[in-house]
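Engineer: There's a structure below that I have some questions on.
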There are 2 protein chains.
Amino acid sequence: MNINEKEQQFKTYLAEIDYYREALMLIHWDMRTKIPNKGVEQRSEVAGFLGEKIHQLQTSNQMEEFIGELKHRSEDPILVKTLEVCEEELERNKQIPHPLYKEFMITQTKAEAIWQQAREDADFNLFQPYLKKLVDYNRDFASYWGYEDNIYDALLHKFEPGVTVETLDHVFPDLRKSLLSLLEKVQASAVKPDPSLVQFHFPKQDQASFTEQLLKQMGYDFQSGRLDETVHPFAITLSLSDVRLTTRYDEKDFRMAVFGTIHEGGHGLYEQNIDPRLVRTPLATGASMGIHESQSLLWENFIARSYPFWQKNYDLFLRYAPHTFQNVELEAFYQAINEVKPSFIRIEADELTYPLHIMIRYELEKALINKEITVEDLPHLWNEKMKDYLGIVPSTDREGVLQDIHWAGGDFGYFPSYALGYMYAAQIHHTLSQTLDVENLVQTGDLTPIKDWLGKSIHQYGKMKKPLEILTDVTKESLNPDYLIQYLQKKYGAIYQF
Amino acid sequence: MNINEKEQQFKTYLAEIDYYREALMLIHWDMRTKIPNKGVEQRSEVAGFLGEKIHQLQTSNQMEEFIGELKHRSEDPILVKTLEVCEEELERNKQIPHPLYKEFMITQTKAEAIWQQAREDADFNLFQPYLKKLVDYNRDFASYWGYEDNIYDALLHKFEPGVTVETLDHVFPDLRKSLLSLLEKVQASAVKPDPSLVQFHFPKQDQASFTEQLLKQMGYDFQSGRLDETVHPFAITLSLSDVRLTTRYDEKDFRMAVFGTIHEGGHGLYEQNIDPRLVRTPLATGASMGIHESQSLLWENFIARSYPFWQKNYDLFLRYAPHTFQNVELEAFYQAINEVKPSFIRIEADELTYPLHIMIRYELEKALINKEITVEDLPHLWNEKMKDYLGIVPSTDREGVLQDIHWAGGDFGYFPSYALGYMYAAQIHHTLSQTLDVENLVQTGDLTPIKDWLGKSIHQYGKMKKPLEILTDVTKESLNPDYLIQYLQKKYGAIYQF
């Protein structure tokens, strides 16, 4: 068989994996938005079956053969990169003995159900034995995968290839210091935004209509996506031509849905604008969790929480929410949606305190994986760090160590991506602002040039580039937390007058 | 390997087929209700892939082996019936040469797209060459499948096993005569229902809420299903615990959504109440198209279009549609929703003229397959028959021969199931009325005994029984069209006073 025929065979093989993936993603979307209660049990079996099929195809002898035969012969850059990604995936999976992986999967499924109960009851003891096992599995996996300096690097690599403990320990302390100093200034300020100004009743349907207008302004394509309601908001890619968003509504506080949807819209815009030549390859997705988060945060914080954005959209907002907000001046509104106030729940945190929530998690999971602390220590260490970083202590573990699903999902090494994404966003936003008159574009509602610049600089590549490669290609600089600090300093200095 | 192990293997194999089916059904549902436009192309590839997988598993050597090894050895009645159904499917598929089937599939896909265009333009010539090919393929298939008396029997068998041309030619002429005589009496009557009485504006959302109430009254389980909007209403079974309905709304005429949803609800109720022991086997569905239709029509016509039903529900109706219908008396309302009037479009036909639409199609397709007429003859023969049976002639083929999708879908032999289902419904309703005080139950809204009786007599069996076996088991009689005639005579004699 000549190389062209082999390449063709490989593409067909990849397409098959992607057919399973697309079907599975539809099941995931449906299970979180539409499925009737009693349908869940049988649908879970179907999801398990399709997931297993994908895993089999990714780790088969056939896959190994394709890689062996094409690796140094293919010249098509998309295929070259695809082979690289497939090989990495294969290697990672091959190194874990199958029985161990299966045990992990069973434990993980149980752990997630137990965690939900534990969170509801604010009972860490219930969750503790499962968490312990999940930490052990992750340590085992990390050992199988291997690492140079720190065992935690092997886990980080899964979510943010190229980023290590060294990177994080280099940037986080300075960032922390700067954030705490800003927080002190905020707390000492005489300016006190009044969030009650924006906590009026705003019917769900009107929030949805308003948010759809904002998504359209961003350039999110409703011909290639849709917006539904869910309990835990997410964006999901069925195909590059069907990238769906979900949100949840609080009729007493529109901020949840509006900023949440724009956040997911940032993820959606990324995937909708990946080069269609990558379709049916594993490259047709974002470069990493961190780069993905940079896109959602860039739209949510740097654009949608900015003053020019509301200069443009406040009238529209008032049209969708008549009678209730009419007496609120734009200035007071802007302050209210940007109130800085230490709080317990990560996903409800303001722009300034958010990274501190991430650092707490990073420090704890790094120490756990390195056996410097034990699972039993977690609740009190969590509370100590909350006191230390944010000056507040949760009254129950429900508002503390039990709040996030990640650990119950068996994911360690994931949290740093959130903070990395935020720093990437600031750095990318800085470059963007030097290229385009962002303030003016946002103020006039002309967001197309921004969308196009992000598409050209980042989105189109999908997984063709590594995350740090994208960052340096776009910003001509390696990771630099100063941009985030400068952004926060400038924005909150103006709001809180320091 | 002993028989138990082999049976276990076979069950696992069947489950795999069903996983693919369930995933494919979700895709079908999504494509008709939720998918964004641009997502269709790629999703179609996934649907094709899954469909092919199912076909492969149904016709594999492995399947042949299972049948060979288990057929005369399994004693579990569910497995025995499953093997029978699998073997029939295998035999049918095996007899068609693969290239011929593939050609057919390609032509059929094209034909459907062309038909849509042809219908839009009312241009039969555009569709004619495709229809000609589809008729030829069906003739070829019928020859491969074999038949005793009439080639058309082989096609009928696919949708309504046990029913033949002999059966239909025995019942249809009498039925036709009776219907035409009733129609004459209706047209001679001085009673003229006024449909404009019920053609008030009724907002979509309120129609949906009202219809949901009716579905709950029927016993449709929203924990195992849901109701969505679509262009062409349908019911679809993802699993027995997830049976979804769709409907469409006309804000100027609520009858479309209300009766349409109850119709689909009848299909849904059937599938929701199949014995759960049949899950993950090919028996977990209705016995045939005709039996399925008997359930939807029993609810739609015999119950929901009856006077007692509106005695119970008219107040509720007025609560959901206030201001507009308040001056319409129940009696006039009842007449309006039961107006008999020859019309062009089958799916909009009243209870009395509906079977005439089916007979026209049956006579034409039987003659086509038997080479007694040609595809070129269809438009004028259609119009002649319309004149003959209904006394009206469509002004374009769009309202005539081009209106239904079935032929474009390559389905010949399907239409009779609609009329059969109607006769089954009348016969089953007669037995039901002898067992329970249906009128009183409907009038008090206590539909549970009806639902339970249908569940016990019909639904639970799924495909464990053949259609005519169900009919005779339930009604202790073979197919008898008199029940339908008596029902129509009584109902419309009362309304039109003859």
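Each Cβ is built from the backbone N, Cα and C atoms, and glycine gets one as well.
All annotation found in TrEMBL is predicted automatically rather than curated by experts.
Fair warning: this is a prediction, and the values are worked out from it, not measured in the lab.
Feature list, courtesy of TrEMBL:
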BINDING   B:His263, B:His267, B:Glu293  Zn(2+) binding site
ACT_SITE  B:Glu264  active site, proton donor/acceptor
Engineer: Starting from the Cβ of B:His267 (Zn(2+) binding site), draw a 10 Å sphere and report how many other Cβ atoms land inside it.
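Structural biologist: Its Cβ has 22 other Cβ atoms within 10 Å.
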Engineer: Could you tell me the C-alpha distance between B:Glu264 (active site, proton donor/acceptor) and B:Glu293 (Zn(2+) binding site) in angstrom, no decimals?
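Structural biologist: Just about 9 Å between their Cα atoms.
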Engineer: Once the chains shown are all counted, how many other Cβ atoms turn up within 10 Å of the Cβ of the residue listed as 'active site, proton donor/acceptor'?
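Structural biologist: 25, counting other Cβ atoms within 10 Å of the residue listed as 'active site, proton donor/acceptor'.
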Engineer: Test of understanding: give the count of other CB atoms lying within 10 angstroms of the CB of B:Glu293 (Zn(2+) binding site).
Structural biologist: 25
Engineer: By a simple count, how many Cβ atoms lie within 10 Å of the Cβ of B:His263 (Zn(2+) binding site), its own Cβ left out?
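Structural biologist: There are 24 such Cβ atoms around B:His263 (Zn(2+) binding site).
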Engineer: For the Zn(2+) site (B:His263, B:His267, B:Glu293), what does the 8 A shell look like? I mean other same-chain residues with CB within 8 A of the CB centroid.
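Structural biologist: Everything else in range on the chain: B:Ala235, B:Glu264, B:Gly266, B:His292, B:Gln295, B:Ser296, B:Leu297, B:Trp299, B:Glu300, B:Gly421.
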